[in-house]
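Lifted from TrEMBL, the feature list:
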- 13-34: transmembrane segment (TRANSMEM)
- 46-65: transmembrane segment (TRANSMEM)
- 85-107: transmembrane segment (TRANSMEM)
- 119-140: transmembrane segment (TRANSMEM)
- 160-186: transmembrane segment (TRANSMEM)
- 206-228: transmembrane segment (TRANSMEM)
- 240-263: transmembrane segment (TRANSMEM)
Amino acid sequence: MVDLEKLGPLTEYYPSLTLLSFSLATALFIFILTTRVMNFNAAKRLNYKLYLWTMLLDMINHFPLQFNLEDNLAGCRAFMILNNWFSLLSISINVSLAYNIHMVFILNKPKKTMTELRTMAIAISGATILALPFTISLLLDKTCTIMIFYHGWQGLLKMMGLIGFSVFILTTYCLIVFLMVARKLLFHKHVDSHNSKLTNKYIRKLILRLCLYPIVPVIAWYPYIIVAVVDTLNLSKYDYIMIAIQGYLTCMIGTLNVFFFLFDPAVPEIYEEVKSRYSNSKRDSTVNLTEFGYKDTEAAGKDDKRHELGVTYDLQKSDDTSNFNIKLV
């Protein structure tokens, strides 16, 4: 059983962290929305589009935690139901991203990736179905608390049956996809695109950075399941510390999403596009275009400096001649 007296002092920073996550999620949501409205090329990609909805969910999830809902049964129930549904929806979106990455980078089947509309429809339907058992159980319970404790085997089995197994399966899939991509990049010497061998490290880093997205639910929700087992089995007298850490990770989901977004290849591309839109200066590169299968032989034979080549990716675009749908623009 958790020692609440020891746990209490460890949770005093929850409100400030949730406020930080809410603020960061709001700022990033506005940034992504602005880039989409301004029709930036990088903002047209599927993973970038889905991140808009991910940050919106983070905002909705973190906002109610700014208020004291413990003494309000109706408010507590409403928050727990919506929080559970939005959490499952956020995980489902990350799973959809992992699925698209799986299809493109692992199986080389870009035609089987899901569009933004289809992804959101499946994520909403899946989250609704998975949230039903928890919702019914909470409505039948006469009490409600933001901090969930498991209270023995019955509580553990109840938690795993209502939400734990589904969260575990979804997050495990995200983890497997990330590990498969990391392994593929580690042991493959080059990436093929339109019969051109792109052996530079930038391409490999680009793909790895793109695959950071599915890691967020793993970081946030794996400890949740581990803590449930440790608490129930009384495996450690320091279980209250583990519960506090798990709570901090949950409070920081928005912060983690923002942090991983900074590694998205779209960020430097948007920066370059802003410079090209609002600045007349041009950047040159000494890259030899013949190395990338440049078709204009007359121009390709020249060794002079040429405009810089930008490497981009598109999880939605289908092209049978492209291995990973990486194209040169």
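Glycine is no exception: its Cβ is also placed from the backbone N, Cα and C atoms.
Automatic, uncurated: that is what TrEMBL annotation is.
Below 8 A, the CB atoms of the transmembrane segment (240-263) and the transmembrane segment (119-140) form no more than two pairs separated by six or more positions in the chain, fewer than 3 in all.
A Cβ distance under 8 Å defines the sequence-distant neighbours of the transmembrane segment (13-34), meaning residues of its chain 6+ beyond its ends; these are 43, 48, 51-52, 55-56, 58-59, 62-63, 65-66, 247-248, 251-255, 257-258, 261.
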